[in-house]
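Asks: Below, the features straight out of Swiss-Prot:
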REGION    1-73  region 'Disordered'
REGION    91-121  region 'Disordered'
MOD_RES   125  phosphothreonine
MOD_RES   129  phosphothreonine
MOD_RES   134  phosphothreonine
MOD_RES   139  phosphothreonine
MOD_RES   152  phosphothreonine
BINDING   219, 222, 535, 538, 539  Na(+) binding site
BINDING   220, 221, 305, 417, 418, 420  K(+) binding site
TOPO_DOM  235-238  topological domain 'Extracellular'
BINDING   294, 607, 611  chloride 2 binding site
TOPO_DOM  315-327  topological domain 'Extracellular'
TOPO_DOM  377-407  topological domain 'Extracellular'
TOPO_DOM  463-523  topological domain 'Extracellular'
DISULFID  496-507  disulfide bond
REGION    875-921  region 'Disordered'
MOD_RES   1059  phosphothreonine
């Protein structure tokens, strides 16, 4: 017996103590979870765990019989784990009744620890057997389990969900509860369902790598090309070039096979073959386009192979004089009968189809062996056909090329389609027992075997058959002046060689002239015909199965409308019966046409396009460097995959250039359609990964780029609150930042309590999704703070990333400053001061009607920040034309404020962003609210012919001029002219106008007019002075009416108050704001937008109330006006 090491403090365990010394622990009903006694091993001869008052020991002898019976009554199963026996060092140390009492997990309210060698028994609330459980099965915290990582319901049942972070981390409920499902002590309903599904799914047919992949790939690669074209290729290209052609094709397919293997081993592969591999790697755009043409190509390939079979049968009938009608119609009849029989095999189930494939493979291999055996048997009767068995002279003669009307690449284009069957196994990935193992092993081995056979046939045919033969017996006399290899056998075939290039040989036999040479060489020629039948039928059968499987996966993803009906599966194997009949219909249509010479190259190019994208998928995923790209197949290389993709594209044009162009046009058209439709899927494709990678890389690169005037972009932090609560400011800022600069929608949630971060995260995702769905190129960010100023300071300091940081603060004008809490005015003005302190520019937007529409449905946040309930539909692009006037809605329900949102399931439906009570009645909008709602949408509409008036009174670096220039360049504003207003002296108006015109020309900014205002400092009208005085009256300190000490105290408590000294000191500046308002009304009352230099107030010298009064006086009763003040860093330059 060997003792285990002492228990460390980190184990949080202590040995049991006598019951009298133990504090009262929780009863089973009081503890939070009820967990049973569990261990992983039991039985005689096994290592079991002993316990007593000393540190635990491991014992090898079996437990006493009494304890065995008392603990569990023998070994029994409970849930997913066994309840087994436990042994003690002595029966006295662990009484039977102690083990029988059951165990209770320590409650969350109690503590249990030990430090050093001392044991703190006071906190130990566990019974003895607590320490004997298998680790991880005595808490709600789950141990690693594969079921937690399934994305959807697994074949073994429903998806299991691990305990959430909230369940483990959040505060306990007041009432403790018992959880019998914690870590699997009992079967959950999902697991019970899984167990039931396992018992019901035993009849499902799943193939291994040989029957599922190797056999199918070999049958598809060994097509009729092996029997009727390989020898002709040797005659044209010679042995050397033929081997090079086979090796080149094999290199392309091997690279593609490695790429396929890499994708297939980068996670669980479902049904769908090439479509599934490409779509889950490159995304739905490429996957959807390839999936459709790949399924169609397989369907038409069925017709190609069946017609090839029918032509061979008709030739045999013609030789025997047994034609039924004529050659063409006989092909149609035989082809129709054949495809019906193949459909019956496919519909019968994958198991029958697999058996048929095995039978056909046996015939095919027998035919190949029949050829090689026959090549060693020299028969005199075959010499007249050019077959002399193996001869060094024939090998030397046939080693080089002898192209007759062909070139190397034309011959290569004829052979390459024979090598395009490598996805036959991957296409039924859903029917494989272990796709991750089967696809790499079966595909690559099939490429190797078939490649060796093709090379063997090329060498064999070139070494024993001459290129031309007459088929006429020789008289075996010595032939003079004969240099051919057949001469020494007494045959002179020199007359067969064409004397003029392009002339057809007069002989009908030999490598050049006879497509049935392999029948001549073979030991038993009918076996070659059987091999041809086997090759064509097996390929047709594989394509007939592949097309519905791929199409079924495409239908289930719902990328194209109207095809979901074909995604339904039947039976235990989820067979796509509707897909089978659709494939049968397509194949039958092309069989009846019986002219496949035009469609054949297109089909080959469809397959090659799929291979190219599979290779590109691996390169793309490797380039993205995503942590999720971890294929277990290591024998791939991203650059080899890129080379494979390029080679596939090159081969497409070699085979047929117009077919390659047509294929690319079809793929591009389908790609554009799927991109436009934007299917609601998220597969974690490499496109997404590369987008992140590029964004990260470029963001880091930007950090090393110094600021320059020419690269300045307005990057705006827009204090919108909830994004659609102030749509007007969102739309206007979007007009000059879209595709130009950054827009960050800032939202400060005011709360003095602990924030609900779960709700905060949910809202962040929801609001960002709303921006995306409404084509607003902006980001949403939210912070929780005790007041608005603190939250805004957080954003001013931390918003953005690297160089993608805001440089301009955009806020709405505070229309209710005179009726609201004056402390909010203090906060508002301090926001402006804070922005300037952080070197931000500041932009303030004011509309007569106001900006905030969130109150229209009565949803005001209790925290003080108004959250959105109404959302304005901006589904059209902000630059698109929208000249139609807004509808005059009479209620919230009928207003365009209702938006289209999406739930987690991706289904769109109409609802407000924040749901309101369904039982609440529809409230008609009053006139003011209707005007507010209409005003909030005015920047969505086409502005028509109007003006954007720029009052550039103070040089702030050019931001006041840049913003209207960017706005006027947008499609909705393109008919608006820019008018510039500047201040100047009456006696030099022309000079100032010419100087400004020169500056604007150097800035390359178009303008329609420049107005120099020489009367800005004229005294304003008395009405304006009176209104201003009445405006500021409630906010005066009136220090003359009180003691100096009391006045100073009041000023310190209420710093927003206006002192008489301050008012007198800034009297001229206040009068200027009144006068400017008069001039604005005079010159710009009909403008579509006014952009004006914002007056500054010195911090600490001008009170908040006085500054607010200036801004109000300057901008009241006007069209939409932007008050702009840059940070006085140049943003415009006339240098190149």
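Note: Cβ is positioned from N, Cα and C throughout, glycine not excepted.
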Asks: Are there recorded positions among 220, 305, 417, 496 that sit within 10 Å of residue 538 (Na(+) binding site), Cα to Cα? If so, list them; otherwise say none.
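Replies: Of 220, 305, 417, 496, within range: 220, 305.
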Asks: What recorded positions among 418, 496, 507, 607 are found with a C-alpha within 10 angstroms of that of residue 222 (Na(+) binding site)?
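Replies: Of everything listed, what lies within 10 Å of residue 222 (Na(+) binding site) (Cα to Cα) is 418.
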Asks: Measuring Cα to Cα, how many Å separate residue 535 (Na(+) binding site) from residue 220 (K(+) binding site)?
Replies: 7
Asks: Counting only residues 6 or more past its boundaries, what in the same chain has a CB within less than 8 Å of a CB in the topological domain 'Extracellular' (377-407)?
Replies: 234-241, 460, 462-474, 484-486, 488-489, 491, 493, 498, 501-502, 505, 509-512, 514, 517, 520-521, 523
Asks: So what's near the topological domain 'Extracellular' (315-327) in sequence-distant terms, Cβ-Cβ under 8 Å and 6+ beyond its ends?
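Replies: Distal contacts: 333, 529.
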Asks: Who are the long-range neighbours of the topological domain 'Extracellular' (235-238) in its own chain, taking Cβ under 8 Å and residues 6 or more past its ends?
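Replies: Answer is 244-245, 398-404, 406, 408, 411, 462, 467, 510-512.
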Asks: Quick check: of the recorded positions listed here (219, 294, 496, 507, 1059), which one has the Cα closest to that of residue 305 (K(+) binding site)?
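Replies: Checking each of 219, 294, 496, 507, 1059 against residue 305 (K(+) binding site), the shortest Cα distance is to 219.
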Asks: CA-CA, which of the binding-site residues 219, 418, 539, 611 lies nearest residue 496 (disulfide bond)?
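Replies: Nearest in space to residue 496 (disulfide bond), counting only the binding-site residues, is 418.
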Asks: Give the distance between the Cα atoms of residue 611 (chloride 2 binding site) and residue 420 (K(+) binding site), rounded to the nearest whole Å.
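Replies: Cα-Cα, rounded: 9 Å.
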Asks: How many Å lie between the Cα of residue 221 (K(+) binding site) and the Cα of residue 539 (Na(+) binding site)?
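Replies: Cα-Cα, rounded: 8 Å.
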Asks: Looking at the recorded positions listed here (417, 420, 1059), whose Cα lies nearest to that of residue 507 (disulfide bond)?
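Replies: If we rank 417, 420, 1059 by Cα distance to residue 507 (disulfide bond), first place goes to 417.
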Asks: Considering only the recorded positions 539, 607, 1059, which fall within 10 Å of residue 420 (K(+) binding site) when distances are taken between Cα atoms?
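Replies: Near residue 420 (K(+) binding site) by Cα: 607.
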Asks: Tell me the Cβ contacts of residue 418 (K(+) binding site) under 8 Å, same chain only and six or more apart in sequence, or just say none.
Replies: 221, 223, 225, 226, 229, 249, 454
Asks: Taking the centroid of the Cβ atoms of 294, 607, 611 as the chloride 2 site, which other residues of that chain lie with their Cβ within 8 Å of it, listed in sequence order?
Replies: 274, 290, 297, 420, 423, 606, 608, 609, 610, 614
Asks: Fill in the CA-CA distance, residue 539 (Na(+) binding site) to residue 220 (K(+) binding site), as an integer in Å.
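Replies: That comes out at 5 Å between the alpha carbons.
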Asks: Cβ-Cβ under 8 Å from residue 219 (Na(+) binding site), same chain, 6 or more residues apart: which ones?
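Replies: In sequence order, the residues whose Cβ lies under 8 Å from that of residue 219 (Na(+) binding site) (at least 6 apart) are 357, 360, 361, 364, 421, 424, 534, 535, 538, 539, 542.
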Asks: By a simple count, how many Cβ atoms lie within 10 Å of the Cβ of residue 221 (K(+) binding site), its own Cβ left out?
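Replies: Summing over all protein chains shown, residue 221 (K(+) binding site) has 27 other Cβ atoms within 10 Å.
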Asks: By a simple count, how many Cβ atoms lie within 10 Å of the Cβ of residue 496 (disulfide bond), its own Cβ left out?
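Replies: The Cβ of residue 496 (disulfide bond) has 22 Cβ neighbours within 10 Å.
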Asks: Any idea what DSSP makes of residue 538 (Na(+) binding site), helix, strand or coil?
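Replies: In the DSSP reduction, residue 538 (Na(+) binding site) maps to helix.
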